[in-house]
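The block underneath contains the structure these notes are about, expressed in structure tokens.
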């Protein structure tokens, strides 16, 4: 990218295209809101797909009054699950950020929102995964499509975790000297993630018990 391009703020669409072409590119001139808003609408697409699939399956299996009651409970569960997944994603970014700071030092990143952009740029193929998953979840008459939607959701989560992981090891600029060995930055990321996920899952169980 030349100097004229670097001095011009990227539009949202241009940032998306660049992220698909160069997931590990350095797009410092993108708005810091791009990453977090992309993360939110990806989650909403998947939540909507599961909500539609759940309602269709319940209505096909159960009679009217029972179906309505079950749909309310399922929607409540799915909404709680979506909030939990969003919390997982934010915690994943924070753990990645801590590991990155350990490796490269405090001058290696701008702020949290800028770091979210970096992680989202590395995982922006998730946009297509979420859209395809949503479409599959609409075909509730075919269990195979619903299963594909479920596995695409797992792939979505794995891809996001991978994007957070690789950013632990990436300096900016790419030749930035490390302060500590990258192995220990990766280890910090994994250990923190394990503790954080355990706490979030425990909280999720408490919420579901009410």
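Just so you know, glycine gets a Cβ as well, placed from its N, Cα and C.
Copied over from TrEMBL:
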type     : residues : note
TRANSMEM : 45-66    : transmembrane segment
TRANSMEM : 78-105   : transmembrane segment
TRANSMEM : 125-141  : transmembrane segment
TRANSMEM : 148-166  : transmembrane segment
TRANSMEM : 186-208  : transmembrane segment
Stretch with greatest number of CB pairs under 8 Å, the transmembrane segment (186-208) reference, 45-66, 78-105, 125-141, 148-166 candidates: 78-105
Beyond the flanks of the transmembrane segment (125-141) by at least 6 residues, Cβ under 8 Å: 16, 20, 23, 38, 42, 45-46, 48-50, 52-53, 56-57, 60, 148-149, 152-153, 155-156, 159-160
